[in-house]
Amino acid sequence: MNAMTLATLPVRLEALVFDWAGTLVDFGSFAPTKVFVDAFARFGVQISLEQARGPMGMGKWDHIRALCNDAAIARQYQEQFGRLPTDEDVTAIYERFLPMQLEKVAEYSQPIPGAIELLHGLRQRGLKLGSCSGYPAAVMQRVLERAEREGLALDYVVASDDVPRSRPAPAMALRNVVELGIADVAGCVKVDDTAPGVEEGRRAGMWTVGLLLSGNAAGLSLEQFLSLDEAGREAARDRARAELQAGAPHYLIDTVADLPPVLADIETRLAAGQRP
(Lines of atoms letter the chains of each structure in order from A and count residues from 1; the text may use other names and numbers.)
(Lines give C-alpha, C1' and ligand atoms only; values in the text may rest on other atoms or scores of the structure.)
Protein backbone atom coordinates (compact mmCIF):
# COMPACT_ATOMS: atom_id res chain seq x y z
CA MET A 1 0.00 0.00 0.00
CA ASN A 2 1.56 3.31 -1.03
CA ALA A 3 1.72 6.51 1.04
CA MET A 4 -1.03 8.22 -0.96
CA THR A 5 -3.42 5.36 -0.28
CA LEU A 6 -2.56 5.37 3.42
CA ALA A 7 -3.22 9.10 3.58
CA THR A 8 -6.79 8.59 2.38
CA LEU A 9 -7.69 6.01 5.02
CA PRO A 10 -10.03 7.15 7.79
CA VAL A 11 -8.24 7.53 11.11
CA ARG A 12 -11.38 7.56 13.23
CA LEU A 13 -14.95 6.40 13.06
CA GLU A 14 -17.57 8.59 11.44
CA ALA A 15 -20.83 6.75 12.02
CA LEU A 16 -22.68 3.74 13.34
CA VAL A 17 -25.65 2.10 11.64
CA PHE A 18 -27.90 0.24 14.07
CA ASP A 19 -30.63 -2.30 13.58
CA TRP A 20 -33.70 -1.75 15.76
CA ALA A 21 -35.56 -4.82 17.12
CA GLY A 22 -33.19 -6.94 19.19
CA THR A 23 -30.47 -4.31 18.92
CA LEU A 24 -31.75 -0.99 20.32
CA VAL A 25 -35.29 -1.98 21.36
CA ASP A 26 -37.34 -5.13 22.02
CA PHE A 27 -34.95 -7.38 23.96
CA GLY A 28 -35.19 -10.82 22.36
CA SER A 29 -36.90 -9.47 19.22
CA PHE A 30 -40.33 -10.76 20.22
CA ALA A 31 -42.57 -8.26 18.40
CA PRO A 32 -42.11 -9.70 14.90
CA THR A 33 -41.80 -13.36 15.88
CA LYS A 34 -45.06 -13.60 17.80
CA VAL A 35 -46.97 -11.79 15.07
CA PHE A 36 -45.60 -14.14 12.39
CA VAL A 37 -46.96 -17.07 14.41
CA ASP A 38 -50.37 -15.39 14.74
CA ALA A 39 -50.52 -14.35 11.07
CA PHE A 40 -49.86 -17.88 9.80
CA ALA A 41 -52.41 -19.26 12.27
CA ARG A 42 -55.07 -17.11 10.58
CA PHE A 43 -54.46 -19.27 7.48
CA GLY A 44 -54.65 -22.53 9.41
CA VAL A 45 -50.88 -23.00 9.42
CA GLN A 46 -49.14 -23.58 12.75
CA ILE A 47 -45.53 -22.42 13.05
CA SER A 48 -43.33 -22.27 16.14
CA LEU A 49 -41.50 -19.25 17.52
CA GLU A 50 -38.27 -21.00 16.54
CA GLN A 51 -39.44 -21.38 12.94
CA ALA A 52 -40.61 -17.76 12.89
CA ARG A 53 -37.17 -16.60 14.00
CA GLY A 54 -35.31 -18.47 11.25
CA PRO A 55 -35.20 -15.81 8.49
CA MET A 56 -35.13 -12.83 10.90
CA GLY A 57 -33.33 -9.77 9.60
CA MET A 58 -34.91 -9.89 6.14
CA GLY A 59 -37.68 -7.54 5.04
CA LYS A 60 -40.98 -8.90 6.28
CA TRP A 61 -42.40 -9.96 2.88
CA ASP A 62 -39.14 -11.78 2.15
CA HIS A 63 -39.28 -13.28 5.63
CA ILE A 64 -42.75 -14.71 4.95
CA ARG A 65 -41.59 -16.01 1.56
CA ALA A 66 -38.68 -17.78 3.28
CA LEU A 67 -41.04 -19.32 5.83
CA CYS A 68 -43.33 -20.51 3.04
CA ASN A 69 -40.33 -22.16 1.39
CA ASP A 70 -39.81 -24.29 4.50
CA ALA A 71 -40.93 -27.82 3.61
CA ALA A 72 -42.95 -28.42 6.79
CA ILE A 73 -44.74 -25.08 6.56
CA ALA A 74 -45.39 -25.45 2.82
CA ARG A 75 -46.86 -28.91 3.44
CA GLN A 76 -49.34 -27.50 5.96
CA TYR A 77 -50.31 -24.77 3.50
CA GLN A 78 -50.83 -27.33 0.75
CA GLU A 79 -53.05 -29.40 3.04
CA GLN A 80 -55.17 -26.30 3.73
CA PHE A 81 -55.41 -24.88 0.21
CA GLY A 82 -54.47 -27.68 -2.18
CA ARG A 83 -51.36 -25.91 -3.50
CA LEU A 84 -47.93 -24.79 -2.43
CA PRO A 85 -47.82 -21.12 -1.37
CA THR A 86 -47.32 -18.75 -4.30
CA ASP A 87 -46.06 -15.16 -4.19
CA GLU A 88 -49.72 -14.08 -4.18
CA ASP A 89 -50.27 -16.23 -1.10
CA VAL A 90 -47.21 -14.68 0.54
CA THR A 91 -48.67 -11.24 -0.15
CA ALA A 92 -51.98 -12.31 1.40
CA ILE A 93 -50.19 -13.45 4.57
CA TYR A 94 -48.15 -10.23 4.61
CA GLU A 95 -51.31 -8.15 4.30
CA ARG A 96 -52.72 -9.99 7.32
CA PHE A 97 -49.41 -9.67 9.18
CA LEU A 98 -48.97 -5.91 8.70
CA PRO A 99 -51.98 -4.58 10.65
CA MET A 100 -51.29 -7.10 13.42
CA GLN A 101 -47.70 -5.87 13.59
CA LEU A 102 -48.82 -2.23 13.62
CA GLU A 103 -51.08 -2.99 16.56
CA LYS A 104 -48.44 -4.79 18.65
CA VAL A 105 -45.02 -3.37 17.78
CA ALA A 106 -44.97 -0.38 20.13
CA GLU A 107 -45.92 -2.64 23.04
CA TYR A 108 -42.67 -4.57 22.60
CA SER A 109 -40.37 -1.69 21.65
CA GLN A 110 -38.92 -0.80 25.04
CA PRO A 111 -35.28 0.32 24.73
CA ILE A 112 -32.71 -2.34 25.53
CA PRO A 113 -30.78 -1.60 28.75
CA GLY A 114 -27.80 0.62 28.05
CA ALA A 115 -28.95 1.69 24.57
CA ILE A 116 -29.98 5.25 25.45
CA GLU A 117 -26.81 5.86 27.44
CA LEU A 118 -24.68 4.44 24.63
CA LEU A 119 -26.26 6.69 21.99
CA HIS A 120 -25.83 9.74 24.23
CA GLY A 121 -22.13 8.96 24.62
CA LEU A 122 -21.65 8.44 20.89
CA ARG A 123 -23.28 11.79 20.15
CA GLN A 124 -20.94 13.48 22.59
CA ARG A 125 -18.05 12.04 20.58
CA GLY A 126 -19.45 13.61 17.41
CA LEU A 127 -20.38 10.33 15.75
CA LYS A 128 -23.33 10.16 13.36
CA LEU A 129 -26.04 7.67 14.24
CA GLY A 130 -27.88 5.91 11.43
CA SER A 131 -30.19 2.93 11.43
CA CYS A 132 -32.15 0.47 9.33
CA SER A 133 -34.75 -2.19 9.94
CA GLY A 134 -36.47 -5.18 8.44
CA TYR A 135 -39.72 -3.47 9.38
CA PRO A 136 -41.62 -1.58 6.65
CA ALA A 137 -41.95 2.18 7.07
CA ALA A 138 -45.47 2.05 8.53
CA VAL A 139 -44.31 -0.22 11.34
CA MET A 140 -41.11 1.74 11.90
CA GLN A 141 -43.19 4.86 12.48
CA ARG A 142 -44.80 3.17 15.49
CA VAL A 143 -41.38 2.08 16.76
CA LEU A 144 -40.00 5.60 16.37
CA GLU A 145 -42.93 7.14 18.22
CA ARG A 146 -42.26 4.88 21.22
CA ALA A 147 -38.50 5.43 20.96
CA GLU A 148 -38.93 9.20 20.97
CA ARG A 149 -41.07 9.03 24.11
CA GLU A 150 -38.31 6.97 25.73
CA GLY A 151 -35.59 9.45 24.72
CA LEU A 152 -34.02 7.25 22.04
CA ALA A 153 -33.34 9.10 18.78
CA LEU A 154 -31.06 8.61 15.79
CA ASP A 155 -30.02 10.84 12.91
CA TYR A 156 -31.45 8.69 10.11
CA VAL A 157 -33.76 5.71 9.69
CA VAL A 158 -34.26 3.44 6.67
CA ALA A 159 -37.11 0.92 6.50
CA SER A 160 -37.09 -2.24 4.39
CA ASP A 161 -39.57 -0.84 1.86
CA ASP A 162 -37.54 2.36 1.40
CA VAL A 163 -35.10 0.50 -0.87
CA PRO A 164 -35.51 -1.79 -3.90
CA ARG A 165 -33.78 -4.71 -2.20
CA SER A 166 -33.56 -5.37 1.52
CA ARG A 167 -31.13 -7.45 3.59
CA PRO A 168 -28.77 -9.10 3.14
CA ALA A 169 -28.25 -6.68 0.23
CA PRO A 170 -26.39 -3.52 1.36
CA ALA A 171 -28.90 -0.93 0.14
CA MET A 172 -30.25 0.18 3.53
CA ALA A 173 -26.78 0.51 5.06
CA LEU A 174 -25.51 2.42 2.04
CA ARG A 175 -28.55 4.74 2.10
CA ASN A 176 -27.33 5.76 5.55
CA VAL A 177 -23.85 6.44 4.16
CA VAL A 178 -25.27 8.76 1.52
CA GLU A 179 -27.75 10.60 3.72
CA LEU A 180 -25.34 11.04 6.62
CA GLY A 181 -22.63 12.37 4.31
CA ILE A 182 -20.04 9.75 5.22
CA ALA A 183 -16.67 10.04 3.47
CA ASP A 184 -15.66 6.37 3.63
CA VAL A 185 -17.61 3.23 4.47
CA ALA A 186 -14.55 1.99 6.38
CA GLY A 187 -15.39 4.65 8.96
CA CYS A 188 -18.79 3.02 9.63
CA VAL A 189 -19.87 0.23 11.95
CA LYS A 190 -23.02 -1.87 11.40
CA VAL A 191 -24.52 -3.30 14.61
CA ASP A 192 -27.15 -6.05 14.33
CA ASP A 193 -28.57 -9.12 16.05
CA THR A 194 -29.14 -11.22 12.89
CA ALA A 195 -26.89 -12.86 10.32
CA PRO A 196 -28.60 -11.09 7.35
CA GLY A 197 -28.12 -7.76 9.12
CA VAL A 198 -24.46 -8.45 9.76
CA GLU A 199 -24.00 -9.59 6.17
CA GLU A 200 -25.65 -6.36 5.02
CA GLY A 201 -22.90 -4.42 6.78
CA ARG A 202 -20.21 -6.65 5.31
CA ARG A 203 -21.55 -6.14 1.80
CA ALA A 204 -21.60 -2.38 2.42
CA GLY A 205 -17.89 -2.44 3.32
CA MET A 206 -18.40 -1.62 7.00
CA TRP A 207 -17.07 -3.02 10.24
CA THR A 208 -19.71 -5.33 11.69
CA VAL A 209 -20.74 -6.22 15.23
CA GLY A 210 -23.13 -9.06 16.01
CA LEU A 211 -25.15 -9.14 19.23
CA LEU A 212 -25.30 -12.49 20.96
CA LEU A 213 -27.77 -12.13 23.81
CA SER A 214 -30.18 -9.23 23.21
CA GLY A 215 -31.71 -10.32 19.94
CA ASN A 216 -33.18 -12.93 17.70
CA ALA A 217 -30.26 -15.35 17.77
CA ALA A 218 -30.60 -16.06 21.51
CA GLY A 219 -34.35 -15.42 21.64
CA LEU A 220 -34.33 -14.56 25.34
CA SER A 221 -36.67 -12.11 27.01
CA LEU A 222 -34.99 -9.58 29.30
CA GLU A 223 -36.37 -11.45 32.30
CA GLN A 224 -34.95 -14.75 31.04
CA PHE A 225 -31.59 -13.10 30.34
CA LEU A 226 -31.38 -11.59 33.82
CA SER A 227 -32.29 -14.90 35.46
CA LEU A 228 -29.48 -16.86 33.78
CA ASP A 229 -26.29 -17.70 35.64
CA GLU A 230 -23.00 -17.42 33.77
CA ALA A 231 -23.17 -21.02 32.55
CA GLY A 232 -26.63 -20.38 31.13
CA ARG A 233 -25.48 -17.21 29.42
CA GLU A 234 -22.51 -18.99 27.91
CA ALA A 235 -24.78 -21.70 26.50
CA ALA A 236 -26.99 -18.98 24.98
CA ARG A 237 -23.90 -17.28 23.54
CA ASP A 238 -22.83 -20.53 21.92
CA ARG A 239 -26.23 -20.98 20.24
CA ALA A 240 -26.29 -17.40 19.00
CA ARG A 241 -22.67 -17.47 17.87
CA ALA A 242 -23.34 -20.47 15.63
CA GLU A 243 -26.15 -18.54 13.92
CA LEU A 244 -24.46 -15.14 13.64
CA GLN A 245 -21.22 -16.53 12.22
CA ALA A 246 -23.09 -17.03 8.93
CA GLY A 247 -22.87 -13.25 8.48
CA ALA A 248 -19.11 -13.20 9.23
CA PRO A 249 -19.12 -10.45 11.89
CA HIS A 250 -15.85 -8.76 12.79
CA TYR A 251 -16.89 -8.73 16.46
CA LEU A 252 -19.42 -10.49 18.67
CA ILE A 253 -20.65 -8.97 21.96
CA ASP A 254 -23.59 -9.59 24.28
CA THR A 255 -25.56 -6.33 23.86
CA VAL A 256 -25.04 -2.75 22.67
CA ALA A 257 -23.99 -1.84 26.21
CA ASP A 258 -20.73 -3.71 25.48
CA LEU A 259 -19.94 -1.70 22.34
CA PRO A 260 -17.48 1.01 23.56
CA PRO A 261 -14.38 -1.25 23.85
CA VAL A 262 -15.08 -2.60 20.35
CA LEU A 263 -15.22 0.93 18.92
CA ALA A 264 -11.92 1.74 20.60
CA ASP A 265 -10.34 -1.33 18.99
CA ILE A 266 -11.73 -0.42 15.56
CA GLU A 267 -10.31 3.09 15.85
CA THR A 268 -6.91 1.60 16.73
CA ARG A 269 -7.08 -0.64 13.67
CA LEU A 270 -8.12 2.26 11.43
CA ALA A 271 -5.22 4.35 12.69
CA ALA A 272 -2.91 1.44 11.83
CA GLY A 273 -4.19 1.45 8.25
CA GLN A 274 -6.56 -1.51 8.49
CA ARG A 275 -9.92 -1.64 6.72
CA PRO A 276 -12.92 -3.91 7.28
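Even glycines carry a Cβ here, placed using N, Cα and C.
Bear in mind that the values here come from a model prediction, so they are computed numbers and not experimental data.
Among the features that Swiss-Prot reports, active site, nucleophile is placed at D19, with the record citing sequence analysis. Look at D19 (active site, nucleophile): DSSP puts it in coil. Here D19 (active site, nucleophile) comes close to G57, S131, C132, S133, G134, V191, D192, D193, T194, G197, G215: these same-chain residues lie at least six apart in sequence, with C-beta atoms under 8 angstroms from its C-beta.
Listed in sequence order, P32, Y94, F97, L98, Q101, G134, Y135, P136, V139, S160 are the same-chain residues at least 6 apart in sequence whose CB falls under 8 Å from the CB of K60 (active site, schiff-base intermediate with substrate). Residues or ranges marked as active site, schiff-base intermediate with substrate by Swiss-Prot: K60.
Long-range Cβ contacts of A21 (Mg(2+) binding site) within its own chain (separation 6+, distance under 8 Å): S29, A31, P32, Y108, S109, S133, G134, Y135, V143, D193, G215, N216. The feature Mg(2+) binding site is assigned by Swiss-Prot to D19, A21, D193.
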For Mg(2+), residues beyond D19, A21, D193 with C-beta within 8 angstroms of the site's Cβ centre include exactly W20, G22, T23, L24, D26, S29, G57, S133, G134, D192, T194, G197, L211, G215, N216
